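Comments concern the structure below.
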Amino acid sequence: MGRITLDKVTKSFGDTNVIPPLDLTINDGEFVVFVGPSGCGKSTLLRLIAGLEDVSSGQIRIDGEDATNLAPAKRKLAMVFQSYALYPHMSVRKNIAFPMKMAGVDEAEQKKRIEAAAKALNLTDYLDRRPGQLSGGQRQRVAIGRAIVREPSAFLFDEPLSNLDAALRVNMRLEISELHNQLKTTMIYVTHDQVEAMTMADKIVVLRAGHIEQVGSPLELYREPRNKFVAGFIGSPKMNFIEGSVAAQHGAHTIGIRPEHITASETAGLWQGVVGVAEHLGSDTFLHVHNTGLTDTITVRVNGEFGLRHGDTVYLNPEMDKLHKFDAQGLRIA
Amino acid sequence: MATQHSRSAARLMLAPAVILLLGWMLVPLIMTLYFSFKNYLPLRGGDLGWAGFENYTRFVTSSSFWPSVATTLIIVGGVLFITVILGIFLAILLNQPMWGQGIVRILVIAPFFVMPTVSALVWKNMFMDPNYGLLAYLWEFFGATPVEWLSKASMPSIITIVSWQWLPFATLILLTAIQSLDSEQLEAAEMDGASATKRFAYITLPHLGRAITVVILIQTIFLLSIFAEIFVTTGGAFGTKTLSYLIFQRVLESQNVGLGSAGGVYAIILANIVAVFLMRIVGKNLDA
């Protein structure tokens, strides 16, 4: 079981209010991702759930029981830290065994769980090494192994992939998703990377300055962002925002259109502009189009290769049914 | 990496420092060795010719030799024990966030800046004097007879004085080591269910291993040749005669340079034996 409820939780450091009253329910078995720009309070929120910080007011319930003032160890949660926080003087085996040793699990059971975790995480050959002798990805897996063997009711991940290189990050993303499918345990994952949020989450919580901007499945957030902030944060490359008369034609203060919902043409289209930088990814090309008279730059995603060069004129056709409309406060107009 | 040219240039530029250091260390060493084979009594006839190994046998067979080695080792061991234990405790205390941290840290470091002679005199006259020392007042306040510290409890007294001097050094090194401990490791251990004492035993203490090694090695080097504290307090009486003090007595009080030099060579041997043992026991902490 791992149902976590936050009820009007607040946190302030001195006079600085980091988390205003916040309500959130995380259901058993869910993969929840807290995402937001740095300094939005997502790590603080995770540490409040872990018990590493005390809440200033409000209540945290784990499986229906009040855990607000419970010591971290008693909450049956396991955490994977950004720096992995492995114990450098212990072997991998001892690192993984540490939480069981503290809990007084008997030796035979310890051995069994270590073997199982090592097998699942491809660490069997490295059990007698020290963390210092492992690569970043291996260290990450040891940290996960240390969390698994406790058989916690929920896993907490604090930006676990931010210290890995890009290729490894993609791998570890898959491995963590796979792990979630196997264990079916609640996982709370903090990241500033919206790609990680989109690819891994059952439910995304978008945070800004401690406030929850929107909660929903990745596709809900992509299709129906509640406001301009979520619209700009979810999706890569970023959504284009256009204000002024064009927006007014659609009865909005601002309209938003995603780069993948604009088609580019060499001959004819609704909008006209000049090609700036073109980023060739092979599968796609991102065009940065200037001088459209709408906004500084419009980003367009074109499938495959595209013939135009820097300085050429390009015509753009937005898919009108995929348009997002926002009012002056930045809220979505249905 | 370096080219042939830059390597020879580097050697050339290092040469003055290396030659100076070599001369600085080799000249006294060779002179000690030279005098240790001489019958040299400055006030009783001067250089009386070669003595062979006579100085060496006389020095070891003297009844004060083995007690002085024992005294040296007891002082070194006692001071190391006290400074390391208290140093860890103080370092943890000073690492806690508190008001006036900067001033408290400076105060803790202060004893290290007091010269050994001065601090020993302060302890001797202001604290340990049986008539008007602070400790005497304290004992009298509770109705007890003041202890004659430096004569009746001479070794504990000297160990206390020297520990007081070296505690700041140990604290300082251990404090910087504690500050370099990743707080996420402690948090991880906390989440793993380790109590405060277990976090100390399993995380903090192993992390301090290297710093403790450094403290032990450096302090041993300096403590083996401890002199001023003994000179101004007991003058080597009441069983506080260390090896270096014995050498001092042989050379200056008995005016026997040859005998004292032989003692100096023994002191070098003792220091090396201690060093080998230390490196065996704690030196492995330094690599990896």
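Even glycines carry a Cβ here, placed using N, Cα and C.
Residues or ranges marked as transmembrane segment by TrEMBL: B:12-37 (among others).
Beyond the ends of the transmembrane segment (B:65-94), by six or more residues, the same chain brings 59, 101, 104-105, 108, 155, 158-159, 162-163, 166-167, 169-171, 173-175, 177-178, 200, 204-205, 208, 212, 215-216, 219-220, 223-224, 226, 239-246, 270, 274 to within a C-beta distance below 8 angstroms of the stretch. The transmembrane segment feature in TrEMBL is assigned to B:65-94 (among others).
Taken from TrEMBL, the feature domain 'ABC transmembrane type-1' applies to B:69-278.
Here TrEMBL flags B:106-123 (among others) as transmembrane segment. Within the chain, the transmembrane segment (B:106-123) has long-range Cβ neighbours (under 8 A, six or more residues past its boundaries) at 90, 94, 157, 160-161, 164-169, 171-172, 228-229, 231-233.
Sequence-distant contacts of the transmembrane segment (B:158-178) (same chain, six or more residues past either end, CB-CB distance under 8 Å): 74-75, 78-79, 82-84, 86-88, 90-92, 94-95, 105, 108-112, 114, 116, 119-120, 123, 150, 204, 207-208, 210-212, 214-215, 218-219, 222-223, 226, 229-230, 233-234, 240. Positions annotated as transmembrane segment by TrEMBL: B:158-178 (among others).
Per TrEMBL, the feature transmembrane segment maps to B:208-238 (among others). Below 8 angstroms of C-beta separation, residues 72, 75-76, 79-80, 83-84, 87-88, 115-117, 119-121, 123-124, 150-151, 154, 157-158, 161-162, 165-166, 169-170, 173-174, 176-178, 244-246, 248-249, 267, 270-271, 274-275, 278, 282-283, 285-286 of the same chain, each at least six residues beyond the ends of the transmembrane segment (B:208-238), sit close to that stretch.
Taken from TrEMBL, the feature transmembrane segment applies to B:258-282 (among others).
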